[in-house]
Amino acid sequence: MSWANLSRNLILAYQSFGVVYGDLSTSPLYVFRSTLEGKLQKHHDEETIFGAFSLIFWTLTFIPLLKYVFILLSADDNGEGGTFALYSLLCRHAKFNLLPNQQAADEELSSYKYGPSSQSATSSPLKRFLERHKRLRTALLVVVLFGTCMVIGDGVLTPAISVLSSVSGIRTTERKFTDGVLVLLACVILIGLFALQHFGTHKVAFMFAPIVIVWLVSIFSVGLYNTIYWNPKIVCALSPHYIFKFFIQTGKDGWISLGGILLCITGTEAMFADLGHFTALSIRLAFAFVIYPCLVVQYMGQAAFLSKNPNSVNNTFYDSIPEPVYWPVFVIATLAAIVGSQAVITATFSIIKQCHALGCFPRVKVVHTSKHICGQIYIPEINWILMILTLAITIGFQDTTLIGHAYGLACMTVMLVTTFLMALVIIFVWQKSVLLATVFLLFFWVIEGVYLSAAFTKVPQGGWVPLVLSFIFMVVMYVWHYGTRRKYSFDLHNKVSLKWLLGLGPSLGIVRVPGIGLIYSELATGVPAIFSHFVTNLPAFHKVLVFVCVKSVPVPYVSPDERFLIGRVCPRPYRMYRCIVRYGYKDIQRDDGDFENQLIQSIAEFIQMEAVEPQFSSSESSSLDGRMAVISTRSLESTSTLIVSEHEDVSMDFSIPSSKSVTLRSLQSLYDDESPQVRRRRVRFQLPNNLGMDPAVREELLDLIQAKEAGVAYIMGHSYVKARKSASFLKKLVIDIGYSFLRKNCRGPAVALNIPHISLIEVGMIYYV
């Protein structure tokens, strides 16, 4: 524990107040009101209020403190948290993964081995049972998606309840404000909040953290004052004995009121979901030493005030503020409640990015907002969808109690899913006994199950909202996942036969022209069908062919040293290679313009390595689709195979530098006119004067360099996915309408992969799945 490490964690803990804890710390605004209104109106005596406080205290202790801070924050995936991080951990320690193009080489990644070794757990009967039944693995994915959709539901409901509850405080002094005026004010604030998101978590956190800290100091001071001034005996209610007395006295009404009590832990999931933006230690420090004591003292003060003023239930928080400090606390409360929604908006961005990487969400634009912390992102499309849904709920309900019913149900469902996944992590990742996992599962499921059962009674009064939102998002996710899997399956079953390629000879029966052709496909092995489609329709192809597969692996980040897997397709005279580019589910695919150069360098390194290391060349005879090697791309200059020289070139050099075609030259000049400010770094490769180099290797490297000088073309399939005529009505509905609609309205694969438009060739393909 160095001083530098501690100071970094303290700075991150400070930032976490503005991002993670805004929602959790503003719960005192509405918890007592939601709990004691309705069925408990005839029980406004001291015993009931003491019991309600005791319930709040023990709920805060068991769920945020014990479950999240002490247990769940230890189950990170290379520093990442959230529902998908737990699922990714499970996929690596057991074969639960439904991602299609995984390879044994992925298991050699350094971040793949995070956590205990899984060797000793191989004989687990439970593990074998789950791996054998695909339906159980699909059910696990559905559970994960359901939990994820509820987090997105939180992202819609949190801003609505936080902002509406803050502006309704004006009613305490200004009675003339109507519901319409309050809703209009809330909508203006919400639009401003979502408009701020593009600045990124880092800037938002530094702006919002001081507000939350002042708010926490305020509620702690007011809570302490109220405890001492109104009823110091409230300290006795820390004993769980008062919980039993509460239920004996209130019966069924007390159980229904739990739907209000659970609002004291809303926003807890953000502690785990936002872990990638901070560190586990910083979040633990912030919660254990600041958030937890402040919240307990504030709830204690409100309960002490209510025990002597039971008629103030409708506006407990604002009525309990001493008059001299009313306006300063009101202003801070309003600002803090606005900040409260930031936590879940941030978590929603993180979770959508993870869903997309694991093949469960359509392609969206992901903007990286921090140079220092990799997890801090902004997704414009999701931001505006969240804003529209939040405004619809605010205008539609116009009542914090009804939104609270929806909110409580969404939060509790997420916690239930997280507990279930954590129990599996205890067994398969931590390799503890099934008994320990069962004790963990039953202990927290009993607590959460009781709360969820109370929340379900509120479904007709607003609780239906998260269920409908989750259903819509879940349909989108599952349709995309299903369509992607079927498309990959079609590619896999329609691969080009290598014997057919070998039969054509090194020229492939066509003219091989100078240049490099990068053929993009989702296949990690074999030759895709688009290649044969292209070859049979065009009489010429590039001299050097590279089959490129950009894929996600179930780890958060892949080191640049391990990103490229290079191999050979067919014998050496064919000049055909394979490159697999691997990204983690939190990696950002940056457009740094260096991909082509890294690729050439990697292939050159592979050619040299193959000549030196006998296992690569010997594998050529045994396997036509040869062995793959991990090639480090740490720096271009460090390569010993090629001499690299570079200079800046203002003219855009996209594959047609010496073209005699008038049409292509005019296209080039048009492109230059549109983007004159772009300065492109040109890299030239040369062979060193190494007399000892194998002539065949030298010839192959020269061909590679000459092909690079001639230009690079990107070939992709422009695919149309349709259901077979014999398919069921449901499958036709999912593929022909659902999946086709999502593909047409999401970002194109060429844009997502940062492929220069002027060098792109698209090959039309119809997939009948």
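Each residue, glycine too, has its Cβ placed from N, Cα and C.
Features of the protein shown, as given by TrEMBL:
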DOMAIN    12-501  domain 'K+ potassium transporter integral membrane'
DOMAIN    514-767  domain 'K+ potassium transporter C-terminal'
TRANSMEM  52-73  transmembrane segment
TRANSMEM  136-157  transmembrane segment
TRANSMEM  177-197  transmembrane segment
TRANSMEM  204-225  transmembrane segment
TRANSMEM  254-273  transmembrane segment
TRANSMEM  285-305  transmembrane segment
TRANSMEM  325-352  transmembrane segment
TRANSMEM  373-395  transmembrane segment
TRANSMEM  407-429  transmembrane segment
TRANSMEM  434-456  transmembrane segment
TRANSMEM  462-480  transmembrane segment
TRANSMEM  500-520  transmembrane segment
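Here the transmembrane segment (462-480) does not lie next to the transmembrane segment (254-273) in space: the count of CB pairs under 8 Å, restricted to residues six or more apart, is fewer than 3. In this chain, the transmembrane segment (285-305) lies in contact with the transmembrane segment (204-225); the count of Cβ pairs under 8 Å, excluding pairs fewer than 6 apart in sequence, is at least 3.
Averaged over the domain 'K+ potassium transporter C-terminal' (514-767), the predicted model reaches a pLDDT of 78.
Counting residues 6+ beyond its ends, the transmembrane segment (254-273) has Cβ neighbours under 8 Å at 19-24, 27-28, 30-40, 43, 51-52, 55-56, 59-60, 63-64, 68-69, 72-73, 81-83, 151, 154, 158, 246-247, 283, 287, 295, 299, 340, 343-344, 346-347, 350-351, 404-405, 407-408, 411-412, 414-415, 418, 450-451, 453-455, 457-458 in the same chain. A contact links the transmembrane segment (407-429) to the transmembrane segment (52-73), because at least 3 Cβ pairs that are 6 or more residues apart lie under 8 A. Remote same-chain partners of the transmembrane segment (136-157), defined as residues 6 or more beyond its termini with a Cβ less than 8 Å from a stretch Cβ, comprise 82-84, 87, 90, 96-98, 129-130, 266, 269, 273, 344-345, 347-348, 351-352, 355, 360, 386, 389-390, 393, 403, 406-407, 410-411, 413-414, 417-418, 420-421, 465-466, 469-471, 473-474, 477-478, 481. Panel annotation: around the transmembrane segment (434-456), residues 59, 62-63, 67, 71, 126, 255-259, 261-262, 405, 408-409, 412-413, 415-416, 419-420, 422-424, 426-427, 463 of the same chain, lying at least six beyond its termini, place a Cβ under 8 Å from a Cβ of the stretch.
Of the recorded ranges 325-352, 373-395, 500-520, the transmembrane segment (177-197) has the largest number of C-beta contacts under 8 angstroms with 373-395. The list of residues near the transmembrane segment (373-395) in space but at least 6 beyond its ends in sequence, with Cβ under 8 angstroms from a Cβ of it, reads 80, 155-157, 159-160, 163-164, 183, 186-187, 190-191, 194, 197-198, 200-202, 276-277, 345, 348-350, 352-353, 364-367, 403, 406, 465, 469, 557, 586-588.
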